[in-house]
Structure formats: C-alpha cells, structure tokens
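Working notes for the structure below.
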C-alpha cells in the first residue's frame, strides 16, 4: 500500500483515541470524513486485529469495494469470507475487473463460482477471462475494460464516439486498434487523435512500429521490466493468436514492483511479504518458527565444526577470541556478492554469457580484499597477543574464507534459481552456513596443524 497522507496519519491518532474511549459514532465520522479509500484502508490495516472488523462494518457501503482493494490479501480474505456471494458481487460492481479478480482469488473455488453466477453476463465474462490465467501472469494482471476501434474509420467518428461514451478507462493514453477478427494491429495515441485532421482515417495516424505488446502468459515480473524499460503507461495484452484480450496499466505494474521489493526484503529474514504487522502472536510465531528451526540446524553444524577442534582451543585460548572475526568477515563479504547477483537476476542482467565474467571479477575482488584485510587483521592480532604464528594463521583463514564467500555468493543464486528455489529466501541461510563452516575449519584447522 502507498504511504498514507498527513491527513490520514492525523486521523489514525484520533481513531485510536476514539476506539480506546469506545466512541463508536466518532469512529464512524473519522473513517467516513472524506478520506481517500486508500487512506481508509491504511487506517484499518494500522489497527489491531480486534478492531478491524468493527472499522470495516462502519465504512460507507459506497466506498467498501474501493477500500477493500487496497487491503492486504489476508485482511481481504477475512472480510470477504463473512460476505455472501451477492454482497461481494454488489460491492465490486464498479471496480476494474483485474482488481475484482485479485480479490476473488482469495476465496475458495466454490465461493468464486457463486460470485460469478450472481453477476451480469458482461461482468462475468470479463472476470472469467482474467481468472483463466495464473495470478502472477500478464493475463491475471490485465484489465479487460478497454476501448477498441477499427482502422478504416475517420478520427472524427472516433471523437464523436468518445463524446457519446462520456468517459475513458483510467490510464488511457492510447486507443487500441483491432481488425474484424479482434486481432491487435496498432495503437492510436490520444495526443495524435487530438491534433490530427479529423478527416484522416485511423489507419493513417495510428502507430504500428515500436509498440510494446505483452503476451498473456508472460510473468508479471517480465511485464514490470517492459514497463520500466519503455516508460509505458499502458500496454495491450494478446493471446498466442494475436487476439486482443485487454491491457495492463502502470498502476497495476507499480503494485507488482512493490510486491517484488517486499518479497525480496522479507525473504532475506525468512518472512512472508504478506506478513501482517499486527497479526496474532500465535500465527506470527508459527510462521517464523520454520526458519528459526532451519537456522538452528545450521548453527549446530557450525558448532560441530568448532567441537572438532576443542583440544586446540583449550591450548590456545586466543583462538576462541578471534573466531568470530573470521566468520563475520566471510559472512559480510558473501552477503555483498549474494545481494549483487540476486539483484542482477531480478533485473534480467545475468545470463550464461556474462556470468563467467562476473564470477571471475568477484574472485579478483575477494582476493584483493582478502589480502588487504588479512594484513590489517594480522597486524592487530600480533599487537594484541604478541604471537606471530596466530597472526599468520588468521590472515590465511581470512583470505580462504573471503574467497569461499565470493564463490558461494556468486554461484549459489544461480544454482538455487535453476532448481526453482527462490535465492532471496534460501540464499542467506546457506551462505551463512558455508562461511561459518569454512571460516572455522580453515582457522582452527591451520591452528591445529601448527600448534599441535
């Protein structure tokens, strides 16, 4: 959801006070006092779960649908599950088909069918066209509410048609041109329509070259890249036969970009991007327990490596003091490479053609940084403990671990992606395990070799 306005922040403070005092009439006035639907949704999401249903019941019926589309999936699902199919159909009647489809996908198949059955034929047909595609595809993202025109009519006819229509779909920068078989053949930019001779035909003015056309089966992240690369406001969506199905607009693409960013950020901590800030403690604990358990396993692996060298640590206590330095340096260096590669994957910059170059560069960077910081740490260690041997050992361990971190950080995302595993979700845990194990093994192993 977008950042709330200053007005919404002030309303949130007033709302919390009204809820605490039990002033329901005041609560109703606050949430229906001219706030934008997105700000009303923010007020609901920013309230504890026990108050959300109360707030939702107080929202004016006229804006319920608009408010609902801005709520998170979990909260949408909670509210929709309490409604009848007829209520859902009535509430979403004025919303864009793509937004309605997103909401319905939170419901069981049986309920979705009931909602579709309660709609008129036109709305049902539009929704079924979108629901027939995966949620994360261009087909699932598109809006079927478009204005199409034929190439053989004059611009004057188009203008008269638009005046009679009296409105345009949101984010309309182009009119879509199709032939009699509904095949997409070009676009008529609104700016050209307004400045060209009204007696010219659409065919004479329309654009056919350089038009970005999206296949309905393309993944939504690919769509987002196309919009970013070509600075698009909207783009037509076609099927495998070139039949126009609808269009995708920039507002929906912004949602995709935000969701992708949230996913990357939350995944690095082993969290779901839809994690509710105010979710019940038991539900939150259950979601997080899995990754805590996985982290515990990796921690035991690192501890087992340390346990292999317990006699060495007993004889040279300084090793226990210096071990975290080796592991930490490797972890940070690996995270830098891992983040860079995951970003390259997300932007589509990495391929088999340039990965080798990137991999070799990261090895060189790791070697340079390894030598630099090995010297610095060796000097500090020698001044601290007065032991030249342990200074040399930690220097060697730093170089080894930074090289291992570079190899793992660069190769791991590619390996995980090839196996269908999200690198942002699993990469950090595996990388930490590798750098801990390699760091401890090299440092304590070398110490054992030279001291025992």
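Quick reminder: no glycine exception, Cβ is built from N, Cα and C everywhere.
Where the annotation comes from TrEMBL, it is an automatic prediction and has not been curated.
What you see is a predicted model, and the numbers here were worked out from it, not measured in a lab.
TrEMBL annotations:
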DOMAIN    142-205  domain 'CBS'
DOMAIN    206-265  domain 'CBS'
TRANSMEM  289-309  transmembrane segment
TRANSMEM  315-342  transmembrane segment
TRANSMEM  363-384  transmembrane segment
TRANSMEM  390-412  transmembrane segment
TRANSMEM  424-451  transmembrane segment
Range from 289-309, 315-342, 363-384, 424-451 with most C-beta pairs under 8 A to the transmembrane segment (390-412): 315-342
Whole-number mean of pLDDT values that fall within the domain 'CBS' (142-205): 92
Secondary structure composition of the domain 'CBS' (206-265) [DSSP: H/G/I, E/B, coil]: 27 helix, 16 strand, 17 coil
